[in-house]
Amino acid sequence: MIGETLAKIFGTKNSRVIKSFRPTVNHINELEPKYQAMSDDELRAQTEVFKKLLADGKTLEDILCDAFAAVREASVRTLEMRHFDVQLIGGMVLHQGNIAEMKTGEGKTLVATLPAYLNALTGRGVHVVTVNDYLATRDTEWMGQIYRFLGMTVGTIVHGLDDDERQEAYNADITYGTNNEFGFDYLRDNMKYSRGHFVQRDHHFAIVDEVDSILIDEARTPLIISGPAEKSTQLYYQVDVVIPRLREEDHYTIDEKARTVVLTEEGVKVVEGGLGVDNLYDHKNMEILHHVNQALKAHTLFKRDVDYIVKQGEVIIVDEFTGRLMPGRRYSDGLHQALEAKEKVKIENENQTLASITFQNYFRMYEKLSGMTGTADTEAPEFKKIYDLDVVVIPTNMPMIRKDYPDVIYRSKQEKYEAVINEIQELHRSGQPVLVGTISIDDSETLAKMLKKRGVPHNVLNAKNHEGEAQIVANAGQAGSVTISTNMAGRGTDIKLGEGVKELGGLHILGTERHESRRIDNQLRGRSGRQGDPGSSRFYLSMDDDLLRIFGGERMSKIMDTLGMEEGEPIEAKILSRGIENAQAKVEAHNFEGRKHILEYDDVMNQQREVIYRQRREILSGESLRPNIEAMIEDLTEGIAAVHADDRTHAKDWDWEAINDDMYAQFGIRVQVDDEIKDKIKSQELGDILYQTAIEVYDAKEKSIGSDQWRNLEEYVMLRTVDSLWKDHLLSMDHLREGIGLRSYAQQQPLIVYKKEGFEMFQEMIDKIQEEVVKLLFFVRFEEEPEKIEEIKPKEQEMTFSHGGDQAVKKKPVQRKDDKVGRNSPCPCGSGKKYKKCCGA
């Protein structure tokens, strides 16, 4: 009551925001005669004028009024449509990076042209996001007339385009497309092996049409690209035949503490002979080498009935801490398949995640995000919390005169359907068009059968019958028309009233059930009463409806009994309407928590995804990877020194054999240190010696085939390793996510555990990338002409597309020119810090 009184005196926040735009609207209107007086060529030339103003230091705000006035005039000349004042306000709301709630028929599509043109003047591209290919294509052709008139280019992203077509569309000033296509293109770009093949530009500015549908309704379903983990299981069987021939010590050595196993030189020869391979470490045989290593682990490090059991033809992991079986969990990186080959059971192909992202995290990448919809105000808190978007309700151009009648409630669904059919028949006889909204395909088909029996002609629009959607919706306003539609069908297409329909009361909306969300109900109502047209709406409900049955509970039934309802008799009561609204509020709160929950988990993956994608882009940048490789070699040699060298004992007493074994396992080299040096060497100096030895070997390998070819190989090996281990990490994170809910039984917070263990797994993957990259580069040998190396690229994988924190700035490793500075030595830059904490970080 007090709030209402204050609102009357001071106005609501929304009314104050709208009022603040009025002076700008007035200025745009004052500019109208100036632009009307221009010739077509003069008007078109304004685009270059605006671009020059921006180049000279003006801001978008400085040129907003002129740009909007130019778009308005171009629209009049091309489409014969003039932007209303309220549409100018909508354009300003979008430009500011907020959500404009505009009722159906208020021209959201036309509104988007204003901020799209203005922001495209920067040359960085604008993405206009729609819910389906039809709307993306329609809006490109329709609104594209305005942009092209003003000298702008327009592109469309729809399903079925090849990369060249996509690249061309993204390079346009303004690009229309669906949310799915934009998201999948981002994921696909980050799986490519050349920057020249990327299709997307920066994520600069996005205008999301039907923003509630895309950012809220679809937020619970991530975009996923998946593919078979292995194309064939045959290689596992072939390798498994060879491994049992190997003998410990002669052919391989085991480090039980580190749980690693390494082939000896003799072992490599046996494997090469058994598989008919000339050189196991040739770059062509990297996949075979990976299978050999996994099979070797399966046979030597993993024991049946200790690490796993075989039950009903399946290899089931045993939890090492609890001893419990973990059905459904699988080792990653091909190890599980190697165990299946070892145990002679069926090798299962895994369809694993190759890349995924939620819409929440995709759209939060844009520097500026905005949206339009007819219904957003009910979800305003969620838009603010998740996306930092304010919702501004734009006034209608003409007063809304639609009559929204109270709900009528029946005891059973059958009684409700009978009443609905009677109402439709009566409206059809009078000639008033009716749009019947259902919440399921099943309901729409049930009503269609009942109407057919009564002989009432009608159209049905649902997911099974979506061909000609736009035509069916467009005809729904003709006299005598009966259209049965699922609630979300036909969004984006206006229902225009046919001749004589206004006199009959306009389009009548008949809802057959309340949706879980008030917003969806409002969308259905909003199909009627556009642009000041007459119209009406009413919902028919029953106690059998899911919403009332599940969330209304016994209380609603008791109220019905108290009111003394007879069979077939409807009831209208405010207390029931309040009960329905309370039920909807409960569901909306529950769904919000679900979406927030998904986002909290995906935020963990998002931070990791950003690191990997940034690393891939650095690899593909064309800059030399030599400094990165040197830093990896340094870390690994220092690690070996740290494990085996202790300054508390004399260097002669260090385990030199173990040092050499580790150097051989990682680099394929052995280090000879004179006794004279051993008398005075310290652990840090050992790290320097190991590093220098490794670098000399690395330089020799590079020299043998030439620097340019070696750079190509470095890029190939790093990409292949990052992609392979990232793919396996995604699978491991999927498994962790699936089982994390059970941690609550152990009095643990699942999200906290997921963050902690996910970070540990990610750190392990980063370490493994370093080890694998260096090992492959040191062990690779060439039997063919070196110039063929540049042709090597990882194989494209079969892919399936399903709709299902602060970034640290990475310093580039310092490239050494003179003698190496010890990691613990003072930094030569003079900061006073240790080198590893300063320039060597």
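Every residue, even glycine, has its Cβ placed from backbone N, Cα and C.
Summarising the annotation, Swiss-Prot assigns ATP binding site to Gln87, Gly105, Glu106, Gly107, Lys108, Thr109, Asp494 and lists sequence analysis as the type of evidence. Annotation source Swiss-Prot lists Zn(2+) binding site at Cys827, Cys829, Cys838, Cys839. Summarising the annotation, Swiss-Prot assigns region 'Disordered' to 518-538, 796-832.
Shown here: features listed in Swiss-Prot, placed on the structure.
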residue: Gln87; record: ATP binding site; CB count, 10 Å: 27
residue: Gly105; record: ATP binding site; CB count, 10 Å: 21
residue: Glu106; record: ATP binding site; CB count, 10 Å: 25
residue: Gly107; record: ATP binding site; CB count, 10 Å: 19
residue: Lys108; record: ATP binding site; CB count, 10 Å: 24
residue: Thr109; record: ATP binding site; CB count, 10 Å: 18
residue: Asp494; record: ATP binding site; CB count, 10 Å: 16
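For the ATP site, the Cβ centre of Gln87, Gly105, Glu106, Gly107, Lys108, Thr109, Asp494 serves as reference, and the other residues of the chain with Cβ at most 8 Å from it are Met102, Thr104, Leu110, Val111. Following the DSSP three-state reduction, the secondary structure of Gly105 (ATP binding site) is coil.
When secondary structure is read from DSSP and collapsed to three states, Asp494 (ATP binding site) falls in the coil class. For the ATP site, whose annotated binding residues are Gln87, Gly105, Glu106, Gly107, Lys108, Thr109, Asp494, the maximal Cα to Cα separation is 17 Å. According to DSSP, the secondary structure content of the region 'Disordered' (518-538) in residues is 11 helix, 4 strand, 6 coil. Classification of Gln87 (ATP binding site) by DSSP places it within a helix.
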